[in-house]
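For 183-195, the entry in TrEMBL reads compositional bias 'Basic and acidic residues'. Residues or ranges marked as compositional bias 'Basic residues' by TrEMBL: 199-208. For 45-122, the entry in TrEMBL reads domain 'Gelsolin-like'. The region 'Disordered' annotation in TrEMBL covers 179-208.
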Amino acid sequence: MAVQPVRAPLLIHSLRMLPFQAAPGQFGPEVRQPGLRVWRVEKMKAVPLDPSEVGAFYNGDSYLVLENRGEQGADLHMWIGEKSSRDEQVACAMLATQLDNFLGGDPIQHRQVQGYESPEFMTLFPRGVSYKEGGVESGFRRPQGSGTVHRLYQIKGKRNIRAKEVEMSWSSLTRETASSWTSERRSCRGSDRRPTCSRSRKCARSPR
């Protein structure tokens with residue numbers, strides 16, 4: 001009689017899912033309170049943004065944006081950067097499901113793609129949104145130490161304003177869009193960002 005080989009339990013499916021599983025318990029009771037909250041997806045975790053950073057999105061990342069209106073309901077937006085990786089988008093969707101379940105399934109979920117956001121999403125940011133180059137998976141980190149970082153943005157829109165970071169060169173200045181040069185000064189702690197010029201020094205204006 002031939003001896004049948006002993007097969008080990010198949011755990012391939014479970015092992016494949018592990019890298020994409022979001023860590024549990026990432027959202028606290030404060031999310032049930034009315035208000036606007038934004039998280040950046042970093043290595044399968046939802047990292048809350050500082051209020052001073054709300055409205056700025058890195059094109060290599062994905063974000064969760066929750067507008068809780070209390071008894072009037074809630075909207076949960078998944079913002080996807082144009083250079084966001086597939087893994088990060090999957091993590092964002094899983095975190096959105098986790099947050100939705102934490103809130104009892106009340107939020108209405110929306111998917112927002114960079115540059116094609118809905119008017120409802122844009123109204124959450126009265127001063128407009130800005131798109132910055134970089135992201136977590138590309139190795140982007142806020143530079144440490146003191147110093148000043150200069151950025152050039154192309155600004156489009158009148159009611160729904162979008163500012164996209166472009167290369168600091170004359171070729172980035174066009175007659176079709178307004179441009180803005182900004183300077184961000186940091187202390188030696190690295191995390192203390194103080195913009196010294198915001199949407200100033202218009203270099204080109206759209207024709208009226």
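Using the three backbone atoms N, Cα and C, a Cβ is placed for every residue, glycine included.
Mapped onto DSSP helix, strand and coil, the domain 'Gelsolin-like' (45-122) counts 27 helix, 27 strand, 24 coil.
Summarising model confidence by region, the domain 'Gelsolin-like' (45-122) averages a pLDDT of 95.
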